[in-house]
Amino acid sequence: MAFDYVPLGEAMLTLTAVYVFFVIFVAGILQTVTGFGFALAAAPLLACAINAKEVVVIVLIIGILMKGFIVYKTWGEGDFARIMPLFAASLLGALPGAYVLSVIDESTLKIVIGITLIAATIAMSANVKFSTAHHWLGKLAAGLLSGLLGATTSLSGPPVVLYMMNEGTDKVTMRADLTRYFILGNTATVIMIYLMGGVVAQSIGIYALVSIPAIVLSWWLGERLFRAVNAVRFRYIALAVISVSALITLGSGLWPLVHKASL
């Protein structure tokens, strides 16, 4: 019996592509049901198998595709004009963030992602509330921080989600507006990263193509879960999964430093 030889590099790429498919499928369900959480779930899990800098770009690009489906589904529920102040502020934060991504090393980036995820999970679990006398100031702060985190880690969601939760935005409007904000923010951030000489790799395109069927399936299933599942319970389960993946990412970033120090 004859066996075709498969180069190790190609085999690893295939296994990684399968892993990417399942990660995007799970993260896509979370995004469809809640309106946020795609990057929160996908970034730390993908960072376990892919270069952290590539993960940032992959999550941003796939996020654009994912949110395109949801914008279509929620066409009459959201308002682009309502999120434009947040988006404008995020552009100011994304500029320095794109530069940081081009110079930061992978281990440090993983540590930043892990810490950001843990802080965001704690804040969301505790339903943290902020009081401000000026709504525009809250929007400015949320947008700036969102843009900075989006360009450096792909995790632009937590500041904006916390802001909308703080404003008491209802579930349907929040999902629709968040989707519109993310699709604009992701597109602008990818362009900035590219112009500043950020990550460009052939594998990013491969993973994006692999993710398309995962996006379609997660959108189809997520829409059904959105109507059937208790949103509060689902959110806490999702936050628990995100917490575990955040700890894994943080550990993988700290390990090279600990190992180097022990030598």
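In case you wondered, yes, glycine gets a Cβ from its N, Cα and C as well.
On a predicted model such as this, the values are computed, not experimentally measured, just so you know.
Listed as Cβ neighbours of the transmembrane segment (20-43) (distance under 8 Å, sequence separation of 6 or more from its ends, same chain) are residues 49-50, 55-56, 58-60, 62-63, 66-67, 69-70, 113, 117, 120-121, 153-158, 160-161, 174-176, 178-179, 182, 207, 210-211, 213-215, 217-219, 221-223, 225-226, 229, 231, 234-235, 238, 241-242, 245, 249. According to TrEMBL, the feature transmembrane segment maps to 20-43 (among others).
The annotation transmembrane segment is assigned in TrEMBL to 55-72 (among others). Long-range Cβ contacts of the transmembrane segment (55-72) within its own chain (Cβ-Cβ under 8 Å, at least 6 residues beyond either end) map to 20, 24, 28, 31-32, 35, 38-39, 42-43, 46-47, 78, 101, 109, 150-154, 175-176, 179-180, 182-183, 186-187, 189-190, 193, 198-199, 204, 207-208, 211-212, 215-216, 218-219.
Sequence annotations record features per position, and here TrEMBL assigns transmembrane segment to 84-104 (among others).
Look at TrEMBL and you will find 111-128 (among others) tagged as transmembrane segment.
Packing against the transmembrane segment (140-166) from elsewhere in the chain are residues 36-40, 43, 55-57, 59-60, 63, 85-98, 100-101, 104, 109, 112-113, 116-117, 119-120, 123-124, 127-130, 174, 177-178, 181-182, 185-186, 189, 192-193: each is 6 or more residues past its ends and has a CB under 8 Å from a CB in it. Annotated transmembrane segment per TrEMBL: 140-166 (among others), in sequence order.
Taken from TrEMBL, the feature transmembrane segment covers 178-198 (among others).
If you look at the transmembrane segment (204-222), the same-chain residues 6 or more away from its ends with a CB under 8 A from one of its CBs are 13, 16-17, 20-22, 24-33, 50, 54, 57-58, 61-62, 65-66, 69-70, 73. Sequence annotations record features per position, and here TrEMBL assigns transmembrane segment to 204-222 (among others).
Taken from TrEMBL, the feature transmembrane segment covers 234-258 (among others).
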